[in-house]
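Q: Quick one: this structure, given as structure tokens, is what I'll be asking you about.
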DNA sequence: CTGTTAGCGCCTTCAA
DNA sequence: TTGAAGGCGCTAACAG
């Protein structure tokens, strides 16, 4: 049993006592230019109301080769934060333009990816957003090359398609700036290391940090390499602390690394932020759950999603790379020694003993 | 500019030197029953290949009032874990049956909800999954009543629709069973309290816990009421610990509550699991990030999503409530005093000092 | 076995 | 202003 409607445009026309053509004109807003009398138009509109008429989009699509639907192809699976935020932004932007979003989770399988794109093209989507979990350089499937598509969180150097990305470089700089402003810019280390050669977030963040620190005359003290997750960060930082280093601040490349770092510091008897300041990237829910709350450079997922939709739906959009600014999510993980004030969430309950996590 | 194809069925037929009808039969797999020669069929298939033909779904939809598309209406926004896991399961199940999923995030706004459903019905979705973030009793919009729809994570006592839910009661029992098996069943408290009168997860979990404990002759020692989030749990447990209680184990109603509880226990100098065992519900990523890793009764989101899709697509499915089992995600947060063995992740690195978080 | 025909519901000339 | 007519691409009787 499929969901369908009964009322046809013909019924509306009959009820209004006009021709289908006239009814059609009214519905398309072409009534003015067709010089349809206001009275007639009103009759049609009443009929639409009374009958609860809605156009049949299948018929419309067949006729216009348009569906008011956009596809989102993504390679990520269980990545809660990214996926939902991005889809939320995209969904809202799509709704604002009367479009619906159809999703295609490829689970990273290129064959599935191609299949999903085909399915979407079959359904005449008006365009496709191609997005990846990891900010990286990619090669989009050939199917997308000649079509209306926008890359989200990735770029393809050979395909001539618009792309939407976070401004990682500026994000890196602002992370360092926060530390500098707090007077915690002397011995700054980065925790995390990018291993994917196509990834661009990590390198750009580090570059931004280095630039800002260099400008202040306090070069980056070093890097603690580790995979981007809680446990690897815990292990790496624990081992590193055993070498008797005395960091002023740590820049963690994402919030999960920061969590592992909190754990390692706590185990080593170091407190955040009094002993060590921490700042990271993501601005996920996790940042708010930690104690003290983590100061994090937020990835504007929702904005990216919305921007991608707007770009896709804008026929005049150039095929350039758009960089969306990363904003600061204030927590209490950066020392306020030199009067740096967190203006967002209150870094309450940061007292000794309780901060041990 | 919309994405569209060129090759029509007529082209394929022409290329194969047959009529459109014949080509159509081959494509629909009706060739056998129409007794089309294998040779002819082969010619058609070749033509399809050579021309890269794919049927135009808009045309198909207009003709068959079917779209091979299902809609998912959800009220949740930034809820990473739930949303993505559920969509992953639903997406995979849909793909297995050649369906695509179109999403409708209502952000909890009833007006948006109605609008989204209309948009979906306009697009002739074959059915709609109506899902809510909080497991609860709801009243679905009237539009859904008469249509092919399935409720996911909620029930509507008056609408005659199938519903898919986690088996919270059994989940509650198994949580208590884990504690009992570990010899930590003597002074068990529940942390968290449901305030939404329509919610069903909380009450059922507690009921399950109580039943299992009662069976073992060690009734629930009490409840520490708090909102279901990290900070409220931290506050509540901290205040509660100040009253000199000596819990054997805590059942946290979700993983975020458990995180806040970890924090409060650490601040109070109590260790998990040597001093207090902890078990919670959700089985989210967070459980694995905590130290020691949290033992949690997993909500089978992906399975629920898949089940909902299968139910929706099965014309013979009865309009009953399906309960999906909650499985145990093993961590190291439950004492193994009496030889209880966590069989999943290794609860490594649980040594003194490091467990303080 | 295969071709002919008639719509599915809607938009859009073209004439009137 | 409006009616008639064609056609988007495909399926499904109904004849051959």
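Glycine residues also receive a Cβ, built from the backbone N, Cα and C atoms like all the rest.
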Q: Which is it, of B:308-332, B:333-357, that TrEMBL names as region 'Disordered'?
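A: That would be B:333-357, per the region 'Disordered' entry in TrEMBL.
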Q: Of the residues in the domain 'HTH lacI-type' (B:7-64), how many are helix, strand and coil by DSSP?
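A: The breakdown for the domain 'HTH lacI-type' (B:7-64) reads 38 helix, 0 strand, 20 coil.
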Q: Mean pLDDT across the domain 'HTH lacI-type' (B:7-64), rounded to an integer, is what?
A: 82
